[in-house]
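In what follows, a single structure is set out as structure tokens and then discussed.
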Amino acid sequence: MKHFLLATALVLSAPAAMACETVTIGDLTVEHAWSKVTIGAGRPGVFYVEIKNTGTSDDALVGIATPAAGMPMLHETVVQDGIASMPHAMSIPVPAGQSVQLAPGGYHGMLMGLTTALKEGDSFPVTLSFEKAGEVTVNVVVLSLRAEGPDCADAGQ
Amino acid sequence: MRLRSHQIILWIAATAAVITFSAVRWWPATDDTAAVDSAFTPSFALADSEGRIRTTAEFRGKFLLVFFGFTSCPDVCPTTLSEVAQVMDDLGSAAGSVQPIFISIDPERDRRLGLADYTTAFHPAILGLAGSEEETKSAAASFKIFYEQEADTSSPDGYTMAHSPGLYLIGPDGAWLRQFTYGTSAPEILSDLQSRL
Ligand SMILES: [Cu+2]
């Protein structure tokens with residue numbers, strides 16, 4: 001909750017830098033949460049984030065929730081034999097000592113049933129549910145259609 | 001995570017959609033590798049956002065950058081269209097010799113959601129086309145690409161599209177020149193185009 005309040009304060013003061021904030025829960029570090037502009041509210045939005053597990057036991061991201069969308073889910077873009085598809089990811093492994101990225105062309109949060117179109121500079125909270133660490137809320141900044149990710153000094157690609 | 005009532009309704013709707021779902025399945029006559037090796041002239045006749053039929057014939061004299069996709073695709077499609085938009089910006093005065101085209105493989109839904117709003121948001125030069133089911137199938141067949149509707153309760157309206165995510169370059173004479181595979185960066189596409197212009 002403390003992190004959430006902190007994040008909320010940041011929304012008001014520095015929206016551009018918000019995607020660069022880091023939230024931790026147990027051994028997990030969650031950062032670089034961002035989304036893209038949507039053209040209308042009838043098309044799904046997307047959610048990307050980076051999760052680092054500095055602990056010694058494996059965890060997994062098992063779900064997301066947000067007031068911004070009625071049906072948020074985890075998906076994985078798979079390109080196999082030259083065909084791209086986007087199956088539901090029941091659980092995204094976050095192995096001990098490793099980091100996982102939800103990033104374009106791979107895992108992503110699919111935000112269906114948007115309550116409103118996402119505009120550049122908007123922000124909204126997403127709660128991530130981990131199998132072991134529990135729930136943590138991050139603020140997600142909406143970047144332009146052409147964005148490839150937040151511009152953070154420490155962004156590890 | 002508890003499901004809220006509107007989420008449950010969405011789930012029920014999605015499940016119902018799956019029950020009434022009929023798969024559109026079309027297999028290309030040849031695979032991608034064969035397509036690249038032999039010269040061929042793909043063609044389409046598809047409606048634009050204003051309902052006018054646009055055909056490959058009217059673009060003779062220009063290079064075409066053709067992408068097949070669907071607008072409810074938040075991950076793969078925006079990446080490629082963003083690259084195309086960047087290429088169009090970077091072409092500068094040569095941009096007039098290149099026509100980028102987005103062909104919907106989910107034409108009914110895309111017409112309903114608004115095709116021009118979508119393509120214009122990426123770049124005003126991108127022409128969005130959405131034909132009938134039959135016209136779309138024959139366009140895809142002529143480009144030797146694959147697409148398929150898949151039942152999927154975890155997607156909007158209970159289905160999603162699997163498709164070839166490549167970007168296809170057609171020459172001024174209408175002949176297929178090459179494919180840029182998914183993930184090819186804008187500078188790579190740009191320098192290939194500049195070497196031909
Ligand atoms: Cu998805």
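Even glycines carry a Cβ here, placed using N, Cα and C.
According to TrEMBL:
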DOMAIN    B:35-197  domain 'Thioredoxin'
BINDING   B:C73, B:C77, B:H163  Cu cation binding site
DISULFID  B:C73-B:C77  disulfide bond
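TrEMBL feature annotations superimposed on the structure.
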residue: B:C73; record: Cu cation binding site; Cβ within 10 Å: 26
residue: B:C77; record: Cu cation binding site; Cβ within 10 Å: 22
residue: B:H163; record: Cu cation binding site; Cβ within 10 Å: 25
